[in-house]
Amino acid sequence: MDPQGQLRNLRDFLLVYNRMTEICFHRCSSNFNYRNLTMDEERCVDSCAGKLIRTNHRLMGTYVQLMPAMVQKRMQEMESKAAEMAKAEAEAAAKAGTSVPDNPSSAITNASMMSPSIQDIPNTSSTAPNGFQILSSPDNTSDIKTSSMTNGSAFGETNLHVITNDAKTFTNQSLDELITPSPVNTSVPETPTAGGAGQTPS
C-alpha cells in the first residue's frame, strides 16, 4: 500500500477511536467537571475504560505482528531506491565518458588536420664535400653503395697519381745519392804522447 493510503487508514482509525471514546463516556455522564461521580457513573466509566484498554491491547498486538513485515518492506523500498539512484549515476557517468563522435572518419580527419603535415618538413638532402652526395631517401641502399664506389674510385685515382709522382721523385733522388761518391778521410789520427796531447811524433 502506498504511504498516502496508509495515512488515510490511520486517520480513519483514530477518528473511529476518538468517536467511540466520546460516545462511551458521554453515555456515562454529560459533565465531568468539578463534581464527584455517582456509583452508576463510576461503573459506566470503568466499563468504557476497560473497552479502550482491550482495544489498545489488540491494536498493539496487531502492530507487533505487522511490524517486522513493515520494516522489511521499508528496507526493500530504500534498497530499491538506492539501486535506482546508483544505476542512474552509472548511466550518466557512462554517457559522459563515451561522448566520442559517432563517425570515426571525422575523428581521423580532425587528428590529421591537427598533426603537422609531412610536406611542411624541409628537405634535408644536400651535397657533402668531396663529391659525397647524401640522398634524401636512405631506404635505397644500392644507390648509396654505387655513389660511394664511384666517388671512391675517383678519389683513389687522384691519390694513386700523387703517390706515383712521389715514387718517381724518390727514385731519382736515391739514384743521385748512390752515384755521387762520398769523400774519403785520409788523415792520420794523432797519437797522444807523454809530452802533451796533440803533438805529432818527430
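Every residue gets a Cβ built from N, Cα and C, even glycine.
Listed in Swiss-Prot for this protein:
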type	residues	note
DISULFID	C24-C48	disulfide bond
MOTIF	24-48	motif 'Twin CX3C motif'
DISULFID	C28-C44	disulfide bond
REGION	178-202	region 'Disordered'
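The Cβ of C48 (disulfide bond) lies under 8 Å from the Cβ of T21, C24, F25, R27, C28, each of which sits 6+ residues away along the same chain. For C24 (disulfide bond), the Cβ neighbour count at a 10 Å cut-off comes to 16, with all displayed protein chains included.
In terms of DSSP helix, strand and coil, the motif 'Twin CX3C motif' (24-48) has 15 helix, 0 strand, 10 coil. Within 10 Å of the C-beta of C44 (disulfide bond) we count 17 further C-beta atoms, all protein chains included.
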